[in-house]
C-alpha cells in the first residue's frame, strides 16, 4: 500500500522522499540498512525483534508552518525558495498531520488577519510573523500554539484578539509567542512570551505522564514513541538493577519508564537523568513528581561531561539516547572502562551508533529492534540492549 500525496506528485513538497513506495518495501529497506550498518559487530547472541510499524498517515503530532503571502490571505506551509514569496506551498492538508490540526488552520488564517500579523518576507526582510508551530497531546487532545515573531510589536494585538481565538478553539491550552529577531534560517529565539497560565502540555505514554514545553524536544510520532519507551521498559524490568543513569534524557521518557517498572519490585532503585536543556529537565521533574517516583534526580548538565567526571556511584544500567552524532568516542570508552552491567542504547542514526558500539569491547549485543519513527523517509530509530561479557 502506498500513500498518495498531491504535493509530492506535483513536486511542490519533497520531504517524504519514499512516499510513493509501498510501506512494506520501506520497512524492508530500513531493516536491510540497519543490518548492513551493524555487520561489523558480534551478533552471536543477538535476538532481533520485528520492526515496530507506524501508521502511514495522521501520525505526526507537530506542525511547523512557514507563514507567507499577504496578511489577509496568509499561506501556511513551506517556501520552496526562501527569497521568492510566490513559491509558497500551502500544506495545511498534509497527510502526515494529526486530524486534530485540520479545524485549527482556517481559524488561524483568520486570526492572522484580525491581529494584523504581517507574514515575514525573507527577501525584503519585512513583516512580523515567521512561523506557526502546533503541537498536539494525544492524551486529552490539548494543543500548544506558538507564534514565531520578528519582534514584540504585535504582542498587544495578539492579546486583544486572544479571547475570540480561544472561544473558537478551546483545545488551545498553551499559547505563546517566540521572539526570533535574526534574519537567518533559525526556527526560534530565546525569548518566549506566554499568553496562557499553562506553559506545558501533558502527554501520556503507557500511563506515564510526560510533559511538552516550548523549545523542548519531544518525539513527533507518539504512537511509535510509546512503543519505543514501552519496549525499553519491558527489556529492563527484570534485570538486576539498583542504580541507573539516563544520559541525554530529554523529558525523561526512557528513564521514567524503566525506573517505574524497576521500582515496583525494588523501591530503592535510584535514577539519575542528565540533559543539557533546562526546559526538558523541568518537564522530567514534573513527570517524576506526578508518577510519585522517589530517588529520582534530574540535572541540567552536559551528559558526556557528567559521566566523565563520576568517580564513584557506578550504575548497573546506563541508558543513552544521543543526538545523531552519537555519544562519541570519549564517552563510549569511559562506559567501556566503567563497565555497568547493562547499556540500553537508542539511536536515530545506526551509522554513529555502530561506531560507538565498536568502542564497547566489553559488551555483547543482546537485543535489537527498529522503530519506524519517520515513515516515508529513510530515517528510523533503533533500540539495542547490551550486556557486559
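Using N, Cα and C of the backbone, Cβ positions are placed for all residues, glycine too.
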Can you tell which of 94, 249 Swiss-Prot lists as binding [4Fe-4S] cluster with 5, 13, 16?
94
Same-site residue for S-adenosyl-L-methionine (record: Swiss-Prot; known: 219, 248, 275; options: 153, 321, 336):
321
Cα separation, residue 219 (S-adenosyl-L-methionine binding site) to residue 348 (active site, nucleophile) (Å, whole number):
11
Give the number of CB atoms, excluding that of residue 5 ([4Fe-4S] cluster binding site) itself, located within 10 Å of its CB.
20
Report the same-chain neighbours of residue 275 (S-adenosyl-L-methionine binding site): residues 6+ apart in sequence with Cβ closer than 8 Å to its Cβ, ordered by sequence.
248, 249, 250, 281, 284, 298, 299, 300, 301, 303
Between residue 16 ([4Fe-4S] cluster binding site) and residue 219 (S-adenosyl-L-methionine binding site), how far is it from one CA atom to the other, in Å?
17
